[in-house]
Amino acid sequence: MMDLTKTPRRIALGLEGSANKLGIGVILHSGPSLSSSSATVLSNIRHTFVSPPGTGFLPKDTAAHHRSFFVRIAKQALAAADVSISEMDCICYTKGPGMGAPLTSVAVAARTLALLWDKPLVGVNHCVGHIEMGRAITGASHPVVLYVSGGNTQVIAYAEQRYRIFGEALDIAVGNCLDRFARTLKIPNDPAPGYNIEQLAKQGGRVLLDLPYTVKGMDCSFSGILTRADELAAMMEKGTGKGPDGEPFTPADLCFSLQETIFAMLVEITERAMAHVGSNQVLIVGGVGCNERLQEMMGAMAKDRGGSVYATDERFCIDNGIMIAHAGLLAYETGFRTPIEESTCTQRFRTDEVLVKWRK
Amino acid sequence: MWCGWELPLSPEKPPLPCVLLAREQPTGSTASSGTNQISQQARKGKKSKFQKSSGYKFIFWLFDVPSIQELHPAYTTATMATATEPQFPPPKVLTYPASAPPILITQGAEGRLYKTTYQTADRPCALKYRPPKPYRHPILDARLTKARISSEAKVLEKCLREGVPVPAVYGMDPAAGWMAIEWIEGVPVRVGINKWLGERPDEDEEQKPVTAEDDAPLVDLMRRIGSAVGALHKTGVVHGDLTTSNMMLRPWKDTQQNGHAVEGDKAKILEGDVIIIDFGLATQSMSDEDRAVDLYVLERAFASTHPRAERLFEELLGAYGKTFKKGPTVLHKLEDVRMRGRKKSMLG
């Protein structure tokens, strides 16, 4: 096999569709070796399936969305990147974890392109994609990673060729808790339910409503909090809800209290992991990582420990194709390939199952 | 029933701590100074090692370090380089004039551990302090700190009452975030076992395995750990973070060998009472499932901390099973927990 690290330019196409975002991106790695290569984003196009207020995105509808938009978005991404197909080294797609139907639709598209253009396929773990993109963008060298999204809540640190999970949500993911609460309050899902909760929470702050706080060691749980928040919302609807100050509370107060509680839990488990591995860098990735209040709280914790927080904006935090292209290309450079017969996808794919050969 | 330190009204007057859960004086004499109900109740109960032992000197403790390191053996001490630790101002309770200045022993994720003295200058005590977290909403922060200090003290008090060997609670102020507890003499069990294993000639795979007779003192220690954990579970307390770092090996006094024969200096490494510490994650539970998970965490931690002594874990479980009536049921449940593993398979 040709030593790819010697070639000056390597280009990969990344296809992501594990949830309601269809993302396609093209990345360029230039430079002679793995350690000194630099990554350039050539294009990063995304299209989101938005369901009406009060509803979530169903697998069937989301898969239909991805199928109908795939060709359009792929053409846009290739045009924006301005590279020819012959220059492309490999096609990277999300192998998992995620929702079955959307994953399948994108995996089928990835196979089709691979056969059509005669390019090798690389199946990528979605979580590893987030981590690698976060590291590449922020330059954090050895951070503790908090990965928070609609489907995942994990505190991760790297050791011995694996991203090890130190703590995680025991039931629903933090983003799922926020999304479902947005449904309860009938907050629009456009651009994202979490974003709208964040904006509403900025108007709150008068009172802090009492919600359960469930941290178990480095793990945490969100379903009980959601149940209580839903109960409080129902009381508010009926007009029987009273805050600690005796005044009725508003949706803004609820959003504020929910954010303060669940983000405090996330920061607490992250702090524990940091104390363990002796790192004072923390990197936040995943859709919930866009939340400025979470970034602010994490920053306060990191400052207290003499460290700093690294976060990216919505282009890289929210699911995107470029992160799949980047992580896939890193694996490709170490010789990793996914033969077409094995180019399946899976809903369950733990972050620590991936052998991270590209890091020391 | 819990009381804190009586803080002085004028700065020149030293703080006067109130006695809580009075214990026998550390002189080894049988004269009792404890007059409150709790210690009397404890004395009426079964005589435990805890009540027999005495002595309070010492200097090592691990505070609030959960066992994840053990769950991920890849984290060796080398990769666990300490982050540059900033200097902290001590909590208010430690700022009053005292003959011995408080010493910051360790800084965990949750709080800090200080060594100071209690009542008299020659009686050391450990002060656990949970500082306010700047990132947390002040109301939420106050609520959590208060609840955590109180719950830890309640668990310790329950153990003491039942005669389980744990540090005694001297005083606390949940609102201010601190709790003063007995200072335990000795070294962590982890250190003792590693020292014991370290003194053995290098044990390569090809060499003959060490026989049970060679390890008699270690086997004995494993049984003592099993009994200590069993006693804890019997009272309805689940530790939540059992590791060999969270157990102290408090040396026996030379005058009272507790019936154990002296086998030269090496055997002395593993001598002592097993005192379980750091109840920061403890909960009160009588369920077999919770107890089995507690044992599973210890098993995993033990296997990764002391891989060379892993085969002796059976001894610990054997002793555990004999400690209380439901012991065998818990051990049966442990097999289920092992099959399941602690972590779930990841959902989408």
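One-based numbering along the chain as shown.
Quick reminder: no glycine exception, Cβ is built from N, Cα and C everywhere.
In the record from TrEMBL, residues A:H126, A:H130, A:D319 bind divalent metal cation; the candidate from A:Y147, A:Y158, A:Y332 listed for the same site is A:Y147. Summary of the site annotation: TrEMBL records substrate binding at A:Y147, A:V148, A:S149, A:G150, A:G151, A:G194, A:E198, A:N291. Screening the candidates A:D171, A:D179, A:D219 against this entry identifies A:D179 as the one listed for that site. The shortest Cα-Cα distance from A:D319 (divalent metal cation binding site) to any of the binding-site residues (A:G151, A:G194, A:N291) is found for A:G151.
Chain B comes within the C-beta cut-off of under 8 angstroms for none of the binding-site residues A:H130, A:S149, A:G194, A:N291, A:D319. Residues near A:Y147 (divalent metal cation binding site) in space but far in sequence (CB under 8 A, at least 6 apart, same chain), listed by position: A:C127, A:H130, A:I131, A:T153, A:Q154, A:V155, A:I156, A:V285, A:G286, A:G289, A:T351. Ranked by Cβ neighbours within 10 A across all protein chains shown, the binding-site residues A:H126, A:H130 are led by A:H130. Counting only same-chain residues at least 6 apart in sequence, those with a Cβ under 8 Å from the Cβ of A:N291 (substrate binding site) are A:G194, A:E198, A:Q259, A:F263. In this structure the C-alpha atoms belonging to A:G151 (substrate binding site) and A:H126 (divalent metal cation binding site) are separated by 11 Å. Per the record's binding annotation for substrate, residues A:Y147, A:V148, A:S149, A:G150, A:G151, A:D179, A:G194, A:E198, A:N291 show a top Cα-Cα distance of 18 Å.
Across the fold, the C-alpha of A:H126 (divalent metal cation binding site) and the C-alpha of A:S149 (substrate binding site) stand 11 Å from each other. Over all protein chains present, the Cβ of A:D319 (divalent metal cation binding site) has 27 other Cβ atoms lying within 10 Å.
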